[in-house]
Amino acid sequence: GLQEFQFEYPFVIQGIAGCELHSGKAIQSFLRAGFEGLDFVSIENHSCVPEPEGGSEAQWFCVFITQYQGILAIIDRLLSKTCPRYLLGVLDAGKAELHRQVKPEAWLSSGPTPGPGRLLLVCHVSGFYPKPVRVMWMRGEQEQPGTQQGNIILNADWTWYLRVTLDVAAGEAAGLSCRVKHSSLGDQDIILYWGHPMYIGLIFVAIIVPSLILLICLALWFWRRWSYQTVL
């Protein structure tokens, strides 16, 4: 009984048990029990091991529990078979989620004016998964001091959103860029330029492409006119 171990009511017993998957796919199971906030005993290699903090009570407890091999067999089965099987099942079910990679989208905007002659540059990054991401305001290859990162916010589709801001003088904004590093991008970082460089593509689409279409239409009109005159 409890009197044999000199336990007095009331007392607090704490315990933790589980299994861990280590590198090389080795699974280590454990069970540790505490008494009154101190380490008491642990189950290792199919046997009860008293902890030094447990003193003589822990030693007597292990002697006592060893007499009941049925109890140790149940504990051993739970630790060596049931727990690892459950762990591998959970990992297998969540493998797709663990390896899930979703590329981020990024865009730039300006925030509320910090003061006269100053701009608040905002780099938005959204739709990425997993959560770890690095977003930097850069000038060339130099990361800019004063970059402020907001909280990473969970989207409705379980991807993430982040905004990173930089307060600069209006005359110093040209040439700055926002760089996004994420595991889904590999070595292909997203780089968005503030100012004119970011509009080069829009200029091409808005001016060059319509001009080409106009030239093609004129060429077709002249060709049809020439063909008609040839027939006559």
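Using the three backbone atoms N, Cα and C, a Cβ is placed for every residue, glycine included.
Note: Swiss-Prot links C83 through a disulfide bond to C19 (candidates: C19, C48, C123). Of the cysteines C123, C217, only one is given by Swiss-Prot as the disulfide partner of C178: C123. Within 10 Å of the Cβ of C83 (disulfide bond) there are 19 other Cβ atoms, across all protein chains. C19 (disulfide bond) falls within a strand segment according to DSSP. Over all protein chains present, the Cβ of C123 (disulfide bond) has 26 other Cβ atoms lying within 10 Å.
Across the disulfide-bonded residues listed here (C19, C48, C62, C178), the residue whose Cβ sits among the most other Cβ atoms within 10 Å is C178.
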